[in-house]
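Taking it in order: structure first as structure tokens, then the write-up.
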Amino acid sequence: MERPRHQGMAKNTYMRWRLPLVCLLWEVAMIVLFGVFVRFGPEADAHWEEEKREMNLTSDIENDFYFRYPSFQDVHVMIFVGFGFLMMFLKRYGFGAVGFNFLLAAFGIQWALLMQGWFHSFKSGKILIGVENLINADFCVGSVCIAFGAILGKTSPIQLLIMTLFQVTLFAVNEYILLDLLHVKDAGGSMTIHTFGAYFGLTVTRILYRPNLEQSKDKQGSVYHSDLFAMIGTLYLWIYWPSFNSAISDHGDAQHRAAINTYCSLAACVLTTVAFSSMLQKKGKLDMVHIQNATLAGGVAVGTSAEMMLTPYGSLIVGFICGIVSTVGYVYLTPFLESRLHIQDTCGIHNLHAMPGLIGGIVGAITAAAATEDVYGKEGFIKAFDFTGTYQTRTPSVQGGFQAAGIVVSLLIAFAGGALVGAILRLPVWGDAATENCFEDDVYWEVPEDEESDVYHMHNPDKPASP
Amino acid sequence: MERPRHQGMAKNTYMRWRLPLVCLLWEVAMIVLFGVFVRFGPEADAHWEEEKREMNLTSDIENDFYFRYPSFQDVHVMIFVGFGFLMMFLKRYGFGAVGFNFLLAAFGIQWALLMQGWFHSFKSGKILIGVENLINADFCVGSVCIAFGAILGKTSPIQLLIMTLFQVTLFAVNEYILLDLLHVKDAGGSMTIHTFGAYFGLTVTRILYRPNLEQSKDKQGSVYHSDLFAMIGTLYLWIYWPSFNSAISDHGDAQHRAAINTYCSLAACVLTTVAFSSMLQKKGKLDMVHIQNATLAGGVAVGTSAEMMLTPYGSLIVGFICGIVSTVGYVYLTPFLESRLHIQDTCGIHNLHAMPGLIGGIVGAITAAAATEDVYGKEGFIKAFDFTGTYQTRTPSVQGGFQAAGIVVSLLIAFAGGALVGAILRLPVWGDAATENCFEDDVYWEVPEDEESDVYHMHNPDKPASP
Amino acid sequence: MERPRHQGMAKNTYMRWRLPLVCLLWEVAMIVLFGVFVRFGPEADAHWEEEKREMNLTSDIENDFYFRYPSFQDVHVMIFVGFGFLMMFLKRYGFGAVGFNFLLAAFGIQWALLMQGWFHSFKSGKILIGVENLINADFCVGSVCIAFGAILGKTSPIQLLIMTLFQVTLFAVNEYILLDLLHVKDAGGSMTIHTFGAYFGLTVTRILYRPNLEQSKDKQGSVYHSDLFAMIGTLYLWIYWPSFNSAISDHGDAQHRAAINTYCSLAACVLTTVAFSSMLQKKGKLDMVHIQNATLAGGVAVGTSAEMMLTPYGSLIVGFICGIVSTVGYVYLTPFLESRLHIQDTCGIHNLHAMPGLIGGIVGAITAAAATEDVYGKEGFIKAFDFTGTYQTRTPSVQGGFQAAGIVVSLLIAFAGGALVGAILRLPVWGDAATENCFEDDVYWEVPEDEESDVYHMHNPDKPASP
């Protein structure tokens, strides 16, 4: 049974030919480009035995696969289950949250393998991939999932695919500028993933501003069960964030350290989130929105510095601050951004990713600037910041300056890119829903009739059955 | 409150003595057989220090545990959470889906350790087990979970245990013929797990055909929340499938390669699934059944070839095709199989496992036949196909032929075994539910009365409470 | 809309200043203590390159991170998702179950890092942490999550934080006595985690006895969907328990063996749980409470012995027994404890943790006492029980005796500690809910109005909307 209002809706959300066309054409393009460019890296290629001999490795366990695959799988869970379920809090947008996240991420990782490959793994005309590339592709898509959070419920799947195409491209460019040109450290992506992704998404949602969005206000909330589904996303993001921040760090102490720092920051963040969630509600009750989101800010904010000698108590301090900033953001800043700046941020990514991402960039710059050979050891110092070759003479304070520059570059590319992509998405041909149908799965999905007379009332014989 | 129709149902589903008896007797049998046969393998035995010295290993990290345990846990999640939740889409069969899957898998892994152990790990009268055996046991049970998908909602737990007993046995025989006698490669089990499991299950459900199953048609659908629970299953299967296909591959490049190929195939598969799901619905809306299932077909279809030099673009092509085949299968083939061939396939395993499994076998045969020393390197070539000893002179094209033979053998054993087991399950003593009570947890489970007047209406003071 | 009865409730559950104060003060204390005491251990410190040279390690893969991190993440999932979702079975306490578990665990791991650090990782005035410390902190918090199960739904978040503070402290003391003074083996924590945690929690709930708890009996049950959420917790606990029991075992065979033993015990446990669940219900129907809980008892009961040469069939026997004991406990013992001993055990931790924990301690004592150099090998024997230095001359039977003493010590500290903490929690200042409001999220959480007229009835146009 179709609800009447859809029959009279102003916008054409009919996806039947447009969506398949985009999906099929783009996937064909991926196949062609992969065919031309992508090959197995030496550790995944059948010539590995020879490689091993050349590199003087005595055991298969030295294959990068065993250093990084467990972390990769944790990151993979975060992207598909973590983000997908976190966005499931809306009462009637669960299919869209998890399903569109699935779609855009599945496309995005392919395009990211190519884009990042051209910049970072290109050798003799081929992109040579291994497990580290898979992690980086997931990371890149993570920034798209973040941006998706801002426009959740208000865009068509085609718009999401278009945004993914552009955002992945710009992500790779920004990442190249930061990591290669500025020689900036950002293992957990406070700048490249969170700051970039969030301000990109906020710019897009600003441009897609819908003046009458309160028409669908009744569907912007959660129901009891949707909040529980969202907690699956929260917990998996929280649990696996140490893997995220350590996944592409150097082998050995750096991975180990990044995991510990992140673990500490996240733990502290939970306590200040709870404190401020209770403090800012007049009856002192906790708000699931804060628990679902602000508890994660500590992971975002050590994304740059986790692999450095931030130390466990330094991490606690960062987590402490970010739980507060993020929770306060949800209570005061999100309404302000919506009413004054016309930024309609469905999931509050400004509080979870943008501000903590900025803090993370700054913490990273400070931690780098404060590095000494005494703390790191002579070898550790060089290894941690890769002060070799051209960068042999770079000092910590200069590194700190470059780190800060990385924040600025990420912001600029996010704003410019978001404006461009927002403008493209405004074109009236992509099939986004009418404002009164936002946050409603029924527009793009076959939604089962819940036949609640059968399911929910089955034990209630006194109630007459619905016709 | 018992609903009246159960009181008058034709079949006796009273499990009180039959189910406990089967469970206890079989578990006692397991204990006795384990007592006689099963011991720790050298890498799990306390004599490991001596073993290490003999094998000239310098570090504990060379223990197979560290090569395979993370993959094992991912596979373990797939079997128990992945399959269990994927089958939870039915509105009133969530307990049965996850609970019976749990039961049959817990029994199946024990019996599989024995059966596979006798064929593959039998030394001086003992089965010596290690982490690879645990993975293989999970794999074997995976084929039973697949078959369960076809008969979901229509069988008693006793029938499921009986099916598990026979199917695990036949799986081990088939696996032995393929891997040992035909010397076929099938690391991710396109043939041994998917083709075998699916056609076995389809044969069983054909024999258990229920002519009046439309009597419970109202319960064969999903509700909004059950579809979200099913997505948990889908995503964990999708995310961890690279671990599945690489779990028992050779150490080093083979594991690494298998993970990358599977990752690529799955990503492509999502896009074509979305494309065809939209294209085949008259309003262009997406169908959760396709998203939940067809997106996984790409993992099935590289099960044989993932560890070979399929290459990333080859994987994309396989995933591309399988998303289409599987989605089209759900739309056109499943209704055809039900109406014409009387194959009632609750979860559509024909689309997710049978056809992609066959494709996977064929892709494996072709990839093997096309192998050259140039692509693999001299050592890599021998290692990849284990062309040593008796098989030293086997050529790629001969290997391709044997791979194809493996498909045929798997099909034959599946059909014959399924027919045998179906006939046994038809005996009227196993307590299956009457047709009008299919897909209903209330038959075998204490189901909480949802007291929706209390829970769902609690904030609705104007509605009088139910008596 | 606030339900009237809350306006007139007898107890003051207003958390607005008390809860934030506790969270913030304690987190500040953590930061100060971490600042004074906690530093990176040598494998996470940037001086690792020098360390590696000193320890003559040739590869980064020898870093303990790669031996334990995958297990750590599995344990992490168990604590936050496993326990959090397992306790979600209550129809109106899902937010509290998962949210308070999140809060207490996030605080507890910080305090545990300090407490356990002072006892076990204290060197030259600093606590040096690495991945093993993170695992141990999670373990310690596990015992608090267990105790939480007994008082679930009846305490305020402040009470939970206070209990966590004391219980973590006592856990560390008990652990020190057992592992260091008695030189007892308990890798998976049958005694230190389960026996201690469960009897601690049972003592607390006894002291917090609420005579009129049947007033909220209507909310102590589950609904269909809450039972499905709980199964997420069950399955992740079940799947990852082999990682739990092997996480801190010695590198190599011990970890490998512990995982296999646990896998076997858990598999057997499922079958006897199903058998007795059906047998003990008059219609032979299965009870989700048993499936959710008793299936896990096998993991608890091999917590001490899993790393020993318990052997696969020994593990099956332990699992076989514990499935029975636990299920019978739910049916007969829990009602008895409540009516006669006034122990109100919300989750039935007596059946899942207390009894299986005791069994686990006993099995461990017997397995240790039965150890021979023949079974373990000369080196393996010494390594397995760490019979070096002061303990060079300890015999297996003496070790068995000490193991048994460990059980007694754990029980004594649990009873004494639980009594103390229970007495503190009885003070009328911590904001626990009135008895008629137990098991109700609305007391401490902003609960969304489910607007079922909008959500569940949306496709039912014939039903008039609720006012």
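FYI, residue positions are counted from 1 along the chain as it appears here.
Backbone N, Cα and C define each Cβ position, glycine as well.
These features come from TrEMBL:
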{"type": "TRANSMEM", "residues": "A:21-40", "note": "transmembrane segment"}
{"type": "DOMAIN", "residues": "A:63-429", "note": "domain 'Ammonium transporter AmtB-like'"}
{"type": "TRANSMEM", "residues": "A:72-90", "note": "transmembrane segment"}
{"type": "TRANSMEM", "residues": "A:97-114", "note": "transmembrane segment"}
{"type": "TRANSMEM", "residues": "A:134-153", "note": "transmembrane segment"}
{"type": "TRANSMEM", "residues": "A:160-179", "note": "transmembrane segment"}
{"type": "TRANSMEM", "residues": "A:191-209", "note": "transmembrane segment"}
{"type": "TRANSMEM", "residues": "A:221-240", "note": "transmembrane segment"}
{"type": "TRANSMEM", "residues": "A:260-280", "note": "transmembrane segment"}
{"type": "TRANSMEM", "residues": "A:313-333", "note": "transmembrane segment"}
{"type": "TRANSMEM", "residues": "A:404-425", "note": "transmembrane segment"}
The transmembrane segment (A:404-425) versus listed stretches A:21-40, A:97-114, A:134-153, A:160-179, A:221-240: most Cβ pairs under 8 Å: A:160-179
Beyond the flanks of the transmembrane segment (A:191-209) by 6 or more, those residues with Cβ under 8 Å of it: 139-140, 142-151, 154-155, 163, 167, 170-171, 174-175, 178-179, 184, 300, 303-304, 341-346, 349-350, 352-354, 356-358, 360-361, 364, 406-407, 410-411, 413-415, 417-419, 421-423, 425-426
Stretch in A:72-90, A:134-153, A:260-280 most in contact with the transmembrane segment (A:221-240), if contact is a CB pair under 8 A: A:72-90
Recorded stretch, among A:21-40, A:134-153, A:160-179, A:313-333, maximising Cβ pairs under 8 Å relative to the transmembrane segment (A:72-90): A:134-153
CB contact flag for the transmembrane segment (A:260-280) and the transmembrane segment (A:160-179), at least three pairs under 8 A: no
Highest-contact recorded stretch vs the transmembrane segment (A:21-40), from A:134-153, A:160-179, A:313-333, CB pairs under 8 Å: A:160-179
Per-region confidence, the domain 'Ammonium transporter AmtB-like' (A:63-429) (mean pLDDT, whole number): 97
